[in-house]
């Protein structure tokens with residue numbers, strides 16, 4: 001944002017002065033409810049796109065004493081330009097509340113929430129995910145993954161839903177957002193946080209899947225400390241609402257290209273920055289850099305939409321499992337397990353340019369947290385897919401787990417790709433790489449017909465079309481087992497977790513900081529419209 005205080009901000013006031021304020025855009029906040037009667041939000045509340053999947057009622061009203069997080073996020077995005085609290089990033093955009101975080105939720109309810117009113121709701125702001133304790137490797141599967149795919153394929157009348165996820169606040173626990181299947185997805189925009197001075201905060205998680213960073217704390221009349229990546233993701237969603245207000249024709253992949261092209265590298269003294277063949281810079285800490293509202297909006301004005309998505313695969317499926325050597329005594333990448341896959345010109349013939357690169361692995365290991373996994377491209381660009389995690393004692397290894405990197409964007413994929421599996425933490429732990437698959441995703445050289453509607457889309461759409469059943473029976477999935485694409489989906493209840501911010505005392509104790517605001521950002525007198 002732009003305040004009178006010195007520090008890193010979104011550089012948004014120049015966008016407002018052009019009359020670009022988010023009008024026509026709708027952002028759905030998937031969270032713990034929305035205080036839609038709040039003076040800063042009542043005029044921008046979009047009731048038609050809102051629903052409570054925790055209590056299965058129409059209004060996503062906060063009902064628990066700590067149901068405040070979603071309202072704070074909504075204020076960041078669309079707090080009205082008045083004299084109550086402050087100004088949202090896109091203060092003329094609409095916000096819908098989709099309540100899912102105030103208790104256990106079923107897979108079917110989560111899937112329905114991610115596709116709820118997805119022709120009207122354009123952007124889904126998600127400041128939650130698996131626990132940030134550095135212990136798990138979890139992500140959307142089955143019907144939930146199908147819903148996300150359905151959203152990008154068919155949401156916004158074929159332009160694709162925009163899913164914005166907070167990268168996580170598990171830095172104190174050595175967590176890595178490549179172990180979070182929501183942030184580690186080609187279908188989402190992963191947003192990290194920096195502090196107001198542009199510093200990388202100790203709670204932040206680095207990973208190869210992050211597009212960009214934005215600030216996490218905004219001094220202002222009504223704010224206190226709403227921080228962490230919980231606050232960063234809604235800020236990005238607000239900026240994307242500004243973009244879509246002038247370019248509603250942009251696809252979900254167009255927006256990702258704009259993120260890559262517009263981000264501004266900061267803290268260039270950090271050793272993790274690497275210059276890429278594209279001429280851009282990338283860091284596992286900062287992604288491509290910080291989000292700049294003015295820059296991304298200006299680029300969006302003349303942006304040419306990308307062509308259809310295509311992908312190519314190379315796999316080691318027919319090879320024998322490889323033992324992972326313990327190199328504790330001689331910790332060096334030269335001594336690590338290295339295996340390669342070849343991408344030929346023929347394989348890449350239909351690819352115009354590279355976007356995401358994914359690596360799917362099956363690894364058996366006595367202690368998953370000991371492992372570091374690197375992907376090295378033919379151009380010697382290294383993506384750090386997995387980092388050692390001190391609290392990950394799992395003996396389950398990784399079973400068909402897909403890591404994703406955006407570091408190879410616009411890179412020529414032809415040549416030898418190397419996978420390094422490094423085990424240098426514990427001489428007692430042992431493991432082997434069973435198989436791995438490399439997938440290069442990108443823009444097609446020629447038009448290709450998009451696949452027909454999935455059964456999942458037809459299921460959700462049929463429920464929406466029947467007005468008498470829309471709001472009640474759209475959640476009927478919560479009480480039955482479904483068969484989708486020939487696979488039984490059995491309902492289980494589980495809980496999703498806020499991306500709250502944490503601090504660490506001098507004694508090493510970690511404590512929560514997320515006791516925050518009701519409406520955020522910039523006070524009215526700090527912005528004068530020309």
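Glycine too: its Cβ is placed from the backbone N, Cα and C atoms.
Among the features that TrEMBL reports, active site, charge relay system is placed at 31, 69, 230. What TrEMBL lists as domain 'P/Homo B' is 306-446. TrEMBL lists 471-491 with the feature transmembrane segment.
The average pLDDT for the domain 'P/Homo B' (306-446) in the predicted structure is 94. If you measure from the Cα atom of residue 31 (active site, charge relay system) to that of residue 69 (active site, charge relay system), you get 7 Å. The Cβ neighbour count for residue 230 (active site, charge relay system), using a 10 Å radius over every protein chain in view, is 26. Helix, strand and coil content of the domain 'P/Homo B' (306-446), in residues and according to DSSP, is 6 helix, 75 strand, 60 coil. In this structure, the C-alpha atom of residue 69 (active site, charge relay system) lies 9 angstrom from that of residue 230 (active site, charge relay system). Annotation: 31 carries the greatest number of neighbouring Cβ atoms among the active-site residues 31, 69 [cut-off 10 Å, Cβ to Cβ].
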